[in-house]
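According to TrEMBL:
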DOMAIN    6-208  domain 'Cytochrome b561'
TRANSMEM  38-61  transmembrane segment
TRANSMEM  73-94  transmembrane segment
TRANSMEM  114-133  transmembrane segment
TRANSMEM  145-167  transmembrane segment
TRANSMEM  187-207  transmembrane segment
């Protein structure tokens, strides 16, 4: 199977299993302060911070021969969608805690999840200001680009790690007494965890392989030089 296609299969399977887990074993979804509202949290986190976040990174590999401006816009749009869905997931869990009078931010999962979301928001804003609607100089953008790329990968790892912690936490609270007997819910959750790990590994492979990197485009480089000339007063021959 083509590697990018395989990554989509793994990612979509993770989202579907998250929905099946919460829908079949925990009563479905609602927005009423009940446990059904809490069920939106894991689904939104896997869909937003893991699957869509990874897809936003992959667009530079999958569409590496398309105009960079279009790919950049798609990258930012998918990240924005991931951010919105993730915020919905966070609001759902806080709303459920408030209705059930459960303390917030008491677990390692919640700490890691909140750190991931806050840093993800910061990453999106910085990307917006530096690349999509750049207000920084060419030198600053070039200096920040490696940090932006590295931070995106770190945040994806954090999101997957936080999801694994959440899976473990949910299992401990819901099926502690029967988990050791290959309870069907426990098996499903274990498979979900394995899919998330495989998804992350495959993403790492795609991102680091040279054949999936975006090739240099002389026309885009020429436009970049002329843009720098117009905005910073440099020489057209200066990179």
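Here the Cβ of each residue, glycine as well, is placed from N, Cα and C on the backbone.
Automatic, uncurated: that is what TrEMBL annotation is.
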>> Under 8 angstroms, Cβ to Cβ: which one of 73-94, 145-167, 187-207 has the largest number of such pairs with the transmembrane segment (38-61)?
In response: 73-94
> Looking only at residues six or more beyond either end of the transmembrane segment (73-94), which have a C-beta under 8 A from one in the stretch?
Replying inline: 31, 37-38, 40-45, 47-49, 52-53, 55-57, 59-60, 63, 104, 113-114, 117, 120-121, 124, 127-128, 131-132
>> Six or more residues beyond either end and a Cβ under 8 Å away: which residues meet both conditions relative to the transmembrane segment (187-207)?
In response: 3-4, 6-7, 10-11, 13-14, 17-18, 20-21, 25, 46, 50-51, 54, 57-58, 61, 153, 156-157, 160, 163-164, 167, 170-171
>> Averaging the per-residue pLDDT over the domain 'Cytochrome b561' (6-208), what integer do you get?
In response: 93
